[in-house]
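Under the heading region 'Disordered', Swiss-Prot lists 1-78, 111-136, 327-519, 866-940. Annotation comment: Swiss-Prot describes Lys41, Lys81, Lys89, Lys161 as SUMO2 cross-link. What Swiss-Prot records for Ser94, Ser129, Ser140, Ser397, Ser398, Ser399, Ser453, Ser460, Ser883, Ser884, Ser891, Ser903 is phosphoserine. As annotated by Swiss-Prot, compositional bias 'Acidic residues' applies to 121-136. Here Swiss-Prot flags 346-355 as compositional bias 'Polar residues'. Swiss-Prot lists 381-395, 916-927 with the feature compositional bias 'Basic residues'. Annotation comment: Swiss-Prot describes 390-395 as motif 'Nuclear localization signal'. Marked as compositional bias 'Low complexity' by Swiss-Prot: 437-453. Per Swiss-Prot, region 'Interaction with RAD23B' is recorded for 496-734. The region 'DNA-binding' annotation in Swiss-Prot covers 607-741, 767-831. Residues annotated as region 'Minimal sensor domain involved in damage recognition' in Swiss-Prot: 607-766. Per Swiss-Prot, region 'Interaction with ERCC2 and GTF2H1' is recorded for 816-940, and the stated evidence type is experimental evidence. Feature annotation from Swiss-Prot assigns region 'Interaction with CETN2' to 847-866.
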Amino acid sequence: MARKRAAGGEPRGRELRSQKSKAKSKARREEEEEDAFEDEKPPKKSLLSKVSQGKRKRGCSHPGGSADGPAKKKVAKVTVKSENLKVIKDEALSDGDDLRDFPSDLKKAHHLKRGATMNEDSNEEEEESENDWEEVEELSEPVLGDVRESTAFSRSLLPVKPVEIEIETPEQAKTRERSEKIKLEFETYLRRAMKRFNKGVHEDTHKVHLLCLLANGFYRNNICSQPDLHAIGLSIIPARFTRVLPRDVDTYYLSNLVKWFIGTFTVNAELSASEQDNLQTTLERRFAIYSARDDEELVHIFLLILRALQLLTRLVLSLQPIPLKSATAKGKKPSKERLTADPGGSSETSSQVLENHTKPKTSKGTKQEETFAKGTCRPSAKGKRNKGGRKKRSKPSSSEEDEGPGDKQEKATQRRPHGRERRVASRVSYKEESGSDEAGSGSDFELSSGEASDPSDEDSEPGPPKQRKAPAPQRTKAGSKSASRTHRGSHRKDPSLPAASSSSSSSKRGKKMCSDGEKAEKRSIAGIDQWLEVFCEQEEKWVCVDCVHGVVGQPLTCYKYATKPMTYVVGIDSDGWVRDVTQRYDPVWMTVTRKCRVDAEWWAETLRPYQSPFMDREKKEDLEFQAKHMDQPLPTAIGLYKNHPLYALKRHLLKYEAIYPETAAILGYCRGEAVYSRDCVHTLHSRDTWLKKARVVRLGEVPYKMVKGFSNRARKARLAEPQLREENDLGLFGYWQTEEYQPPVAVDGKVPRNEFGNVYLFLPSMMPIGCVQLNLPNLHRVARKLDIDCVQAITGFDFHGGYSHPVTDGYIVCEEFKDVLLTAWENEQAVIERKEKEKKEKRALGNWKLLAKGLLIRERLKRRYGPKSEAAAPHTDAGGGLSSDEEEGTSSQAEAARILAASWPQNREDEEKQKLKGGPKKTKREKKAAASHLFPFEQL
């Protein structure tokens, strides 16, 4: 127990000794400090770093020293650290540093001193006696536990300025949370709205680009239908091909024609192409020299020859619009696919990388790994970079902790910045060894000679480049599979080629180090996106013809040389009819391609005006596509069955879908799940939904499936009974459980109604027997006057305002009252029109009366208040013969005088003066009679 207390330090309560023992320990410490300072120089620097302290702790005592040497040296080190701590404290206080940071440094220094004491005591445990342990305890006690010093220092650390503490009340917390929630919801709404808008713009751009490409195809097909070009093409065809009738054309005939065409016409990329000449002029020139500038012109020439032979031919175009999904949406998935490329330029898939990561590793004691770790820094750094980032935070193993400083320094040199690693990785070429089986699971790394001697590379060594081999892992199945996949992914390169050519080609193609870059490179390489189709009447089918590669009747070959992805393939015949033939050429049409295309309804609506009138031929082609799809094997991945046009899994069924019958045939299994035909998947509906389709559920039928309803009525029922919230309350029925709706019969002039007092007329077949529908406005008013039964017709429901509202269309009446209601309604409309006419006439007369009254008032006001203005008018005409400016001045003055003369107060003053001069006075009765026809404001 004594040793443990000495090594780790006793509690603070037991550190306090008697005054006598403290005095003795202080005296002994002062003597030993003097001896220590005589042997060692006082330190001039601040606290040493943790690394230097660790090295000094591992240092041994001087050889040949006495037995007390280690103890003295230990005392000296502890004393030096305490002195350094005091110096740091004084400097911090003198410089005015923040005192809140100093206790942490003091605490770290205390931990360092205690750690040093523990290490020294544990190393010298077997050599020192009990007294030595007590001396160490007494020496470290004053340094760690001086009560007076610590109390004074803690008082000095008290803050001088007042401290403000803010306490949030529950009401404030609720308000803050509510505002944060509202802000977050608004940001989410705004973000979704922006994404929705951007998605709509990108989709519209995709559609516009697709239509532009289709219009370009129409233009090219129209040029290839010109009779002049047909005549030129017919003139160069040998006679053995012109003697065959179009109905006798077969695949053998087309193969011979393609062979002759390839032998006659050549492709010369050096031919000139003038922008001023149109396509027709260019093709005429190409016929003259029996040559084409590119594959597109070659296809156009062969199309002219086939149409000159009166063969039904299509120009097939693989349209390449911008992708339907933007690049940002595709780039959401992280960089699992951004991996190192192999010699052929192909990248490892994520599954291969996972297999490589899970390979068992050999022990560290093997010679190969020692050579790889010590002699080659760049491959090891490259290997570390290729591994997952989650290993960076893992704790170091015990073997790494036991390594010496040399190994740590070597590891430190391997840690480079990311930019440095990329530059090194770009100079590394990967070479496969196909000859030896022992090194088949590994790979060789080498640098090109021109880049290995780069003077800017600090880690490079002079001399020829050395081959650096990676450690060969154990021969496991995963390793052999990954190696074989990597070998097959290198563009099917022949392993027998010379090493020099393979290394040079790999160094050129190794610049693309990620799979995304390779995809962009493959997409940039344009393929052959146009070929032909000829209808063989003997076989009654369309045969594809690739005149560039000399292939007839091989759709997969056309797909092989076309630009990927193949999304839209259309065929345009000589009459301009268009047919979507993507299903014939794309092998992944049912799984991948359909998801990359625009909405099927929009695309079908776009091509509907150009649909061929030969429906029998179109139906046979559809059956051919269906037979081709049925011959393909079942998909092996579960995700491919979702929305598959032929197959379905139970896990992918929607809420209102079910498989019927329950004993449906199982076509196969995918990972233990039964695969059913898509024809067995039926859509179920509730009773109300079937009624909208003019069908009702038969009596006694049990719901085929129960789901949770979300109508307002179902929600209210669940809220009323909490125990039924999780139960399925909506029964669904299949088509086989329903029958046609039988409309009721009208009896005694009464229209049959539903429980809401209306008539459901979702389809014309739901009309009650003996009734008719009249689409006349306000017919129910006329029927109410005549006491005839009239009911509104409900033709559907419209959801707005949070609820479903019925949509009405006309009225349902009995057939015997039809003529009476029509006559009464017409009479009612005549009366309404007459009343409207009278109302308009009355309003017009009132307006004319008001206008006449206004004119009379105007004349009366002129007579009463306008004598002076008329008298002043002749004075304005006296100034004749003036210039235009003078005339304008006089006219403005005259107008001002006229207005002043006609002002009401001045006229009233004149009238008062005339009254004062003389004349008979009017009585009040006369004045009242004279002012009876005036308005109130005129009587003032």
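Cβ atoms here come from the backbone N, Cα and C positions, even for glycine.
Restricting the average to the region 'Interaction with ERCC2 and GTF2H1' (816-940) gives a pLDDT of 74.
Listed in sequence order, there are no same-chain residues at least 6 apart in sequence whose CB falls under 8 Å from the CB of Lys161 (SUMO2 cross-link). Sorting the region 'Interaction with CETN2' (847-866) by DSSP state (H, G, I as helix; E, B as strand; all else coil) yields 19 helix, 0 strand, 1 coil.
Using DSSP to sort the residues of the region 'DNA-binding' (767-831) gives these counts of helix, strand and coil: 25 helix, 28 strand, 12 coil. Counting residues of the region 'DNA-binding' (607-741) by DSSP class, helix then strand then coil, yields 52 helix, 30 strand, 53 coil.
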